[in-house]
Amino acid sequence: MSEEHPPIAEANSQPSNGCPVAGGRLNYPVEGGNANREWWPTQLNLQILKKNPPAANPLGEDFDYAKAVQTIDVDQLKADVAKVLTDSQDWWPADFGNYGPMFIRMAWHAAGTYRVGDGRGGAGAGMQRFAPLNSWPDNVLLDRARRLLWPVKKKYGNKLSWADLIVFAGNHAMDTMGFKTFGFAFGREDRWEPEQDVYWGPEHTWLGDERYTGDRDLENPLAAVQMGLIYVNPEGPNGNPDPLAAAIDIRETFGRMAMNDEETAALIVGGHTFGKTHGAGDAGLVGPDPEAAPLEQMGIGWKSAFGSGKGNDAIGSGLEVIWTHTPTKWDNSFLEILYGNEWELTKSPAGAHQWKPKDGGWANSVPMAQGTGKTHPSMLTTDLSMRFDPIYGQITKRWLDHPEELADAYAKAWYKLIHRDLGPLSRYLGPLVPKETLPWQDVIPVSETNVGADDVAELKKQVLASGLTVPQLVSTAWKAAASYRNSDKRGGANGGRIRLQPQAGWESNEPDELAQVIRILEGVQESFNAGDKKISFADLVVLGGAAAVEKAARDAGFDITVPFTPGRGDATQEQTDVESFSYLEPTADGFRNYLGKGAQIPAEYKLIDRANLLALSPPELAVLVGGLRVLGANYQGSELGVLTDRPGTLTNDFFVNLVDMGTEWTPSPADDGTYVGTDRATGASKWTASRVDLVFGANSELRALAEVYAQDDAQEKFAKDFVAAWVKVSDADRFDVR
């Protein structure tokens with residue numbers, strides 16, 4: 001894999017979009033201007049809850065990609081990709097006559113944006129096609145790789161997404177170069193607009209590193225050391241060529257992508273077995289990135305004025321490194337060369353720090369990218385980390401003597417890399433999916449549930465008669481289901497992991513209260529399962545929430561059935577990676593008025609972020625907050641935002657009382673971030689509320705929604721809309737039935 005990032009074309013040191021205010025005037029909307037954002041830069045951004053609208057999808061709402069992709073002749077697809085690999089094009093010649101290493105890097109950098117902290121990034125939607133990723137310094141020259149694949153995409157059309165093709169091409173490239181990959185799953189569906197909801201960092205310049213505080217503490221959830229890089233700076237921290245310091249950055253950033261030390265070492269060693277980097281000349285001769293490039297370049301950026309600008313004259317990262325004498329073949333030569341030499345610091349023709357063998361060792365032993373010339377092997381600072389860091393060194397030294405262990409470790413680490421954001425196994429499609437499952441895949445056993453409609457009705461009665469209250473049942477079902485995050489399709493009620501560690505111990509889940517509810521629900525399950533019919537614990541948690549919502553609706557005068565789809569399985573503690581699942585723990589849950597310690601942004605912003613991870617629309621966000629308040633589902637039974645005198649009843653009282661101008665809101669004397677609502681006429685205290693509650697009256701867009709649900713004719717509509725949104729969250733992880 002080639003590793004690129006310009007030091008970087010100084011001619012393009014600013015993000016290509018620049019400042020939206022030019023020449024003292026606001027830009028036109030078609031120029032990227034957003035007047036509201038300029039006037040009120042901290043305004044809540046509800047647009048992220050309206051992303052990927054059906055109108056933007058040229059394939060139409062009825063197109064079923066999961067069905068279409070499974071009609072592909074995968075053997076023919078392999079042959080078509082293999083043909084592209086060695087069909088060198090004059091406009092961008094293949095290094096060593098093979099585009100394979102370039103495609104590996106393309107796939108790596110598509111998948112490698114994933115971070116486990118919030119599940120965002122990754123290859124799952126083909127985002128490498130769009131800004132900012134298509135113009136990140138670390139993705140220099142990958143625009144060519146995607147264009148080289150266009151004939152394949154053109155042939156297969158809508159049956160093969162760019163998201164799948166980008167990753168498949170890199171995976172199959174290794175198969176053609178003598179490496180046995182672990183497997184491959186299709187199922188990544190393209191999106192048609194850039195992701196505007198991913199926080200890539202605070203910097204305004206490429207390669208900025210304002211994300212650090214203190215003694216190099218990296219801001220969460222970021223998983224790269226500088227703006228525009230995938231992981232680390234290959235020259236070393238901020239260009240400091242110190243392999244041991246670089247190892248610290250490597251461990252931090254790869255760890256934030258859920259990779260352990262062995263997986264990290266395998267990816268670096270295995271990936272750098274292939275290809276080269278590009279730094280043949282002065283990086284100042286490199287033109288603007290794709291988003292800033294002239295119209296006539298048709299989306300191809302980084303045009304170089306050095307020599308021919310391609311082949312042996314190519315400039316990408318500014319590093320000019322060829323690792324091995326067999327750059328298009330899988331073998332153990334990377335480690336043999338890494339350990340077979342002592343290394344001295346040098347600079348590439350572009351002025352970037354890299355390493356070469358001391359005393360002219362291994363001269364003329366590796367091929368040039370083009371022609372018959374020879375040169376010496378080189379290494380990146382981060383490559384030397386694999387030898388000189390004590391932990392990585394112990395691992396790679398073992399692989400030097402046991403290359404078969406490296407091959408196995410790399411195959412599984414690569415498979416994890418390119419599938420980490422694909423979600424549960426029910427989303428893995430195609431004939432190349434391996435039968436073996438791995439711990440990070442959040443395995444869920446087949447459900448034992450076999451209930452019919454009459455059984456469901458009887459179970460609802462039993463749950464409501466168990467002594468559990470509406471707030472207990474609602475909050476427990478919510479805690480289970482709302483652990484889902486749509487970014488990487490992890491979490492949710494399926495698996496019943498609400499009763500397992502780490503979820504059972506999360507502060508937001510109120511462990512003591514939760515343990516009591518679980519004990520009672522398990523008793524109901526045990527009693528019911530003593531007969532011929534069975535229900536899983538995961539299903540029972542969701543069913544209990546449904547029963548409670550139905551009761552609350554009846555108490556409000558509405559006979560509403562909450563749809564329930566059985567079929568959830570129960571995972572075991574042994575099937576649950578505690579460390580990996582710990583990243584799903586919410587730091588805030590505005591739906592239950594929970595705010596953990598150390599929040600970096602105010603609670604109302606955290607609410608929008610959580611709604612986004614749940615794939616909710618603004619109206620769904622509104623009805624869920626309003627409904628959960630009146631149902632009494634708050635954290636620790638708090639009265640904040642419970643704007644009703646009939647809690648436990650599914651009414652629109654939250655909105656009615658929130659927009660009532662007869663109430664005056666002031667900050668609480670306790671100075672704890674809460675507010676007190678008093679009667680304007682009498683001064684009597686009426687309510688208490690949080691920032692999350694008041695934002696539905698203060699923010700103009702959210703108030704517009706609140707007013708709809710506060711109207712006299714909205715009571716039944718509110719109840720029905722709440723149920724629809726509730727079911728959406730309850731079933732968010734049910735990819736097995738949709």
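Here the Cβ of each residue, glycine as well, is placed from N, Cα and C on the backbone.
Copied over from Swiss-Prot, here are the features:
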- 1-24: region 'Disordered' (REGION)
- R105: site 'Transition state stabilizer' (SITE)
- H109: active site, proton acceptor (ACT_SITE)
- H272: heme b binding site (BINDING)
Count of other CB atoms lying within 10 Å of the CB belonging to H272 (heme b binding site): 27
Separation of alpha carbons, the residue listed as 'heme b binding site' and R105 (site 'Transition state stabilizer') (Å): 10
Alpha-carbon distance [the residue listed as 'active site, proton acceptor'; H272 (heme b binding site)] in Å: 14
